Structure formats: structure tokens, C-alpha cells
Amino acid sequence: MTAAESYYGRPVLKPPVWKVPDVPLYLYLGGLAGASSTMALLADLTGRDRLAGAGRLAAAVGATASVGALVHDLGRPTRFLNMLRVFKPTSPLSVGSWILAPFSALSGAAAASELTGRLPGAGRAAAAIAGAIAPAMTTYTAVLLADTAVPGWHAVYRELPFVFAGSAVSSAGAVGMLAAPEESAPARRMAIAGSVLELVAARRMHRGAGLVGEVYQQGRASAVLRAARTLTCLGLGAAVLAGRSRTARVASGLCLNAAAAATRYGIFEAGRASARDPRYTVMPQRTS
Amino acid sequence: MSFVARNRLSGPLADPAGDAGYPPDHPERVGFFTDTSVCIGCKACEVACKEWNLLPEDGMDLTGMSYDNTGALGATTWRHVAFVEQESTVDLGMPGMGGDQVRWLMSSDVCKHCTHAACLDVCPTGALIRTEHGTVLVQDDVCNGCGYCVPACPYGVIDIRPDTGGAAKCTMCHDRLGAGLMPACATACPTESIQYGPLDELRERAALRVSELHEQGITDARLYGQDPADGVGGAGAFFLLLDEPEVYGLPPDPVVTTRDLPSMWRHAAGAALTAAAVIAGCFLGRKR
């Protein structure tokens with residue numbers, strides 16, 4: 001595109017004002033917490049107490065830290081409460097707040113019961129309800145990004161939830177492997193299956209994005225996403241070996257969580273880059 | 001989905017204020033028609049807007065872009081005059097100085113007050129509302145500065161004000177409208193480039209003006225944003241342009257992002273169920 005086809009090369013859109021690392025962390029922690037919670041529920045139902053406990057703790061820590069990151073981005077805790085003054089189905093952030101608030105409260109209660117040993121029945125019930133809401137935690141953040149005019153996010157709205165879901169499942173599996181080694185078989189399978197889902201969905205996402213797909217293949221976003229992909233592959237490989245080797249288990253757990261955080265940051269950064277360059281706003285609108 | 005069937009998310013919508021719940025006797029929808037063919041770039045609109053709305057200065061930097069030192073619309077610039085300086089072989093019918101001719105396109109940009117406003121749709125707190133006049137307004141006391149409206153706007157209009165932390169944009173001088181006055185920019189415009197009035201009336205006037213220009217041989221003249229069937233359901237502020245929209249920094253074919261929201265939620269739900277199924281699948285098999 002020549003300079004004559006945009007206004008002095010200036011962006012058409014306003015880039016997102018959301019802060020780094022607050023918002024990428026919020027995206028990563030929410031996914032981790034959601035998948036951990038469902039893992040805890042199923043571990044509980046199948047009599048794997050250690051894994052259930054680890055999942056509940058990860059869900060509570062992840063959800064609380066995720067709310068913390070959101071509050072830090074907003075500036076004041078009351079601003080998060082302000083999100084709950086209405087319920088708006090057209091606003092993914094409103095819907096997300098209404099998923100996040102009960103989820104984090106229930107996960108927190110479940111973890112508190114787990115740690116103190118008090119009210120075990122209520123704690124179990126809270127964990128069960130949280131575990132049922134939890135899959136929504138892993139994907140609503142994809143809608144949050146996609147429901148914008150940011151070309152790099154909106155163009156991939158079909159694939160993005162699957163990337164986030166896969167990444168969430170693998171990072172939760174990784175936490176399960178680290179925290180409950182003696183019951184880690186399902187967690188290991190989660191790490192493997194989640195990684196595969198993430199890699200396949202990410203590949204589809206990059207291919208299907210058209211011109212805007214460039215932002216995923218250049219600059220900082222590309223470097224971060226390449227690192228994320230390498231870490232996912234390493235974590236996946238290590239997870240396959242983790243049944244026998246403690247080193248492989250630990251390596252896999254660390255790699256997959258680093259990969260999940262990097263994936264969120266890379267996608268966030270790609271969107272920002274796509275908003276800054278008028279090409280990605282103008283050209284797809286010209287051809288469609 | 002009933003939202004889609006009734007054009008709640010996109011498509012033509014005759015009465016946005018009525019759709020937002022105002023009783024049938026609400027005032028008629030008003031808007032701006034900005035005829036850039038008579039804009040002289042005096043910036044009276046920018047200044048009048050700043051004066052009336054008590055907006056602070058944006059810094060005294062020179063952009064180096066023709067006579068434009070404002071750059072873009074922003075949280076404290078609600079009218080922005082673009083100066084497009086084109087060096088071309090256009091024959092202006094004037095004595096030449098040798099070499100390329102220069103033509104200036106001047107255009108006063110403003111919030112489009114879309115029929116389907118993405119900023120309003122995605123706002124999680126209800127701070128952004130449809131007014132009785134059919135315009136889009138930020139309620140400063142409700143806005144919590146989450147910034148979701150910023151990347152949602154397909155025109156890059158709304159932004160966060162650094163001094164207040166809240167989102168801000170053109171109100172179409174809501175306070176003046178209530179008192180039966182014209183917005184400050186339209187009042188100050190010496191050439192009637194900015195015309196204010198009932199939207200239906202402006203659309204008729206604009207159609208006449210564009211055919212008048214076509215008769216004069218100015219075939220590049222075109223209307224932008226007046227079509228109720230366009231991606232934002234027709235803008236409440238539309239323009240007569242003398243070149244492609246992107247030349248003025250406008251997106252050629254903007255779409256309200258929430259048009260795709262039902263599909264986004266369906267994909268997210270599919271991904272969430274996939275995550276749940278994957279996790280459940282990992283718990284099948286032998287216990288360990």
C-alpha cells in the first residue's frame with residue numbers, strides 16, 4: 001500500500017490500551033485456573049485425592065491472581081465490582097466478569113476448605129460447581145479479544161477459542177504432573193492432548209487469517225509465538241516420557257506453563273501490531 | 001437468535017433510540033453531515049469543540065503532516081481536521097508553477113454515532129448509552145476505564161483520557177441539544193461544511209449535493225457512512241468525500257464487531273465443550 005492510500009501512514013484504529021503484563025497474564029491464569037478446576041472435579045469423581053487437591057489449589061490461585069491482574073489493569077478493586085452492576089450479553093467482558101466472579105469465589109472457597117479441612121462437604125460442592133463452570137473460563141477470553149475491530153484478533157475468531165482451550169488444558173495438566181506425581185497419569189494425558197489441540201488450532205489459525213496472518217509471522221509477536229511453539233513441543237515430548245522420569249515430568253510442567261503464558265502474550269502482541277498498521281485495516285476491507 | 005432477527009446487532013435499524021427503550025415520543029434522530037468539498041481547514045470546529053467541552057490541549061508538537069498538528073481523533077480531540085496534501089498531476093485549471101500540482105483535501109472528522117455502535121455494545125458497565133436523540137454518549141460517572149471500547153471502535157474514535165482515566169469522545173454536544181442548540185462545531189463552521197440536523201433530512205440534502213457535484217464534473221465526490229445497510233447500520237455522522245475514505249484516515253468498509261458475536265460465542269462454546277471432553281477423556285482408562 002502506498003502512502004496515498006492511508007492518511008500519512010497513520011493507524012486507522014486505536015491500539016488496545018490494555019497493559020502488559022497484566023492482560024496477557026489475566027488470559028493465561030484464567031485458562032490455567034479453568035482447566036485445573038475441571039481436572040480437580042474429575043479427579044475427585046475418580047477418587048484421585050491428591051490430584052483433586054492440586055487442581056483446586058491451582059484453580060484458586062489462578063483465578064485469584066487473574067482477578068488481581070484485571071484489577072491492576074483497571075487501577076482500583078471497585079472498578080471490577082462496577083463490572084457487575086449490569087449483565088450485558090453483547091459485552092464479552094461483562095459475560096466474562098459474571099463467569100470469573102462466581103468461579104473465583106467458589107474456587108477460593110473450595111481451596112480454603114481443602115487447606116483448613118473445615119466444611120469438607122461445602123468445599124466439595126463449591127469445587128464441583130466451579131469445575132462445571134470452568135470450561136467457559138478457558139475460552140471466554142478468546143471472545144474478549146476477538147470481539148474488537150483489531151484485525152489480528154477478529155480475523156481469527158473461529159480458531160482462537162480452540163487455541164486457548166488447548167493451551168489451558170495442557171498448562172493445567174502440567175500443574176497436575178508437578179503437584180501430584182503419584183496420580184499424574186490423567187494430568188500427563190491432559191498435557192499431551194492439550195498441546196496437540198493447541199498446536200493444531202494454532203496452525204489452522206495462522207493459515208486461515210489471510211493477509212492479517214502476517215502479524216503472527218513477523219516482529220516480536222512472531223518471536224514470542226515461535227518460542228511458545230518450541231516450548232509446547234518440548235513440553236509435549238517431555239510429557240510422553242514423564243511416566244518414567246521425574247526430570248522429564250518437571251521439565252514438561254515448566255515448559256508447558258511457560259508456553260501457555262507466551263502464547264497469550266504473542267497473540268496479544270500480534271493484535272496490537274495489526275491495529276498499528278493501517279494496511280491490515282484497509283486492505284481486507286477493500287477486497288471483501 | 002432474536003438479536004439477529006430483529007437487527008439488534010447489525011443491519012438497518014430505523015430507530016436506534018426506540019430500540020434502546022425510549023418511548024415513542026422521543027426526539028427524532030439527529031446527526032452531522034460533513035461536506036468536505038466546502039471545508040476550508042480553518043479548524044474553527046476543533047477549537048469550538050475544545051472550548052465548549054472544556055477539553056485540555058493535546059500537547060504542542062508539530063506532526064510534520066501538512067497543516068495537521070492534531071493527528072487524529074482522541075479522548076481530548078472530538079473534532080479533528082485532516083489535511084491531505086496530494087502531489088499529483090491533477091489539472092486545477094490554474095496557472096501552473098511547473099512540476100507537480102498540489103491539491104489539499106480537508107475534512108473535519110468526528111465520532112460517527114453509529115446505528116450499531118461497537119463501543120456501546122462491548123461496554124461492560126453500561127457507561128456507554130444511546131441517548132434520546134439517537135446519539136452515543138459516555139456517562140463519565142459510570143465508566144471504569146476498562147478500555148474495551150477503544151479497540152472495539154472500527155473508526156479509531158474513542159480513547160481513554162489520561163487525566164481522568166475514563167473513556168471519552170464526541171457527545172454531539174448533548175448538553176446543547178437538550179437546550180435546543182446546535183453542536184458547537186456546526187455552529188462555528190463558517191462554510192456550512194458541518195451541517196447538523198435530523199438525520200433523514202441530512203441524508204436527502206447530501207444526496208442532492210453529491211448529484212450537484214457530479215453534474216459539475218466532480219465525479220470523485222461520494223458519500224461515506226450514509227447507507228443504513230452498511231457495516232455499522234449507517235452512521236449518525238456521515239461525510240461527502242472527494243477521494244477514497246482511507247486517504248482521509250477512514251476505514252473503507254467498517255463493520256460493527258458484534259455482528260459476528262453469536263458466531264464467536266458458538267465457537268467459544270464449542271471450544272469449551274472440547275476442553276471438557278478432552279479432560280474427561282484423559283480420566284478414562286486405568287487408575288494410577
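Just so you know, glycine gets a Cβ as well, placed from its N, Cα and C.
Listed features, source TrEMBL:
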REGION    B:1-22  region 'Disordered'
DOMAIN    B:30-59  domain '4Fe-4S ferredoxin-type'
BINDING   B:Cys39, B:Cys42, B:Cys45, B:Cys189  [4Fe-4S] cluster 1 binding site
BINDING   B:Cys49, B:Cys170, B:Cys173, B:Cys185  [4Fe-4S] cluster 2 binding site
DOMAIN    B:102-133  domain '4Fe-4S ferredoxin-type'
BINDING   B:Cys111, B:Cys114, B:Cys119, B:Cys153  [4Fe-4S] cluster 3 binding site
BINDING   B:Cys123, B:Cys143, B:Cys146, B:Cys149  [4Fe-4S] cluster 4 binding site
DOMAIN    B:134-163  domain '4Fe-4S ferredoxin-type'
TRANSMEM  B:264-284  transmembrane segment
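Per-residue pLDDT, averaged over the domain '4Fe-4S ferredoxin-type' (B:102-133), rounds to 97. The two recorded residues, B:Cys114 ([4Fe-4S] cluster 3 binding site) and B:Cys170 ([4Fe-4S] cluster 2 binding site), have Cα atoms 12 Å apart. The shortest Cα-Cα distance from B:Cys49 ([4Fe-4S] cluster 2 binding site) to any of the binding-site residues (B:Cys39, B:Cys111, B:Cys153) is found for B:Cys111. Every protein chain shown contributes to the tally, and the Cβ of B:Cys149 ([4Fe-4S] cluster 4 binding site) ends up with 30 other Cβ atoms within 10 Å.
Proximity to chain A (Cβ-Cβ under 8 A) holds for B:Cys123, B:Cys146, B:Cys153 out of the binding-site residues B:Cys111, B:Cys123, B:Cys143, B:Cys146, B:Cys153. Sitting within 8 Å of the Cβ centre of B:Cys123, B:Cys143, B:Cys146, B:Cys149, and not among those site residues for [4Fe-4S] cluster 4, are the Cβ atoms of B:Cys119, B:Val122, B:Pro124, B:Thr125, B:Ala127, B:Leu128, B:Val138, B:Asn144, B:Gly145, B:Gly147, B:Tyr148, B:Ala167. A helical conformation is recorded for B:Cys149 ([4Fe-4S] cluster 4 binding site) in the three-state DSSP classification. Secondary structure of the domain '4Fe-4S ferredoxin-type' (B:102-133), assigned with DSSP and counted as helix (H, G, I), strand (E, B) and coil, comes to 5 helix, 12 strand, 15 coil. Sequence-distant contacts of the domain '4Fe-4S ferredoxin-type' (B:30-59) (same chain, six or more residues past either end, CB-CB distance under 8 Å): 67, 70, 74, 76-81, 83, 104-110, 113, 133-135, 163, 170-173, 176-177, 183-199, 202-203, 205-206, 209, 213, 218, 221, 226, 235-242, 248. Rounded to a whole value, the Cα-Cα separation of B:Cys170 ([4Fe-4S] cluster 2 binding site) and B:Cys111 ([4Fe-4S] cluster 3 binding site) is 6 Å. Under 8 Å from some Cβ of the domain '4Fe-4S ferredoxin-type' (B:102-133) lie the Cβ atoms of residues 9-13, 16-17, 19-20, 22, 26-32, 34, 36, 39-41, 45-46, 66, 73, 78-88, 90, 92, 139-140, 142-144, 146, 148-149, 152-155, 157-158, 166-167, 169-170, 172, 174, 177, 185, 189, 193-194, 225, 228, 232-239, 241-243, 247-250, 256-259, 261, all in the same chain and six or more residues away from its ends.
When the CA atoms are compared, the binding-site residues lying within 10 A of B:Cys149 ([4Fe-4S] cluster 4 binding site) are B:Cys119, out of the candidates B:Cys39, B:Cys42, B:Cys119, B:Cys185, B:Cys189.
Using a 10 Å Cα-Cα cut-off around B:Cys45 ([4Fe-4S] cluster 1 binding site), the binding-site residues B:Cys119, B:Cys123, B:Cys143, B:Cys185 reduce to B:Cys185.
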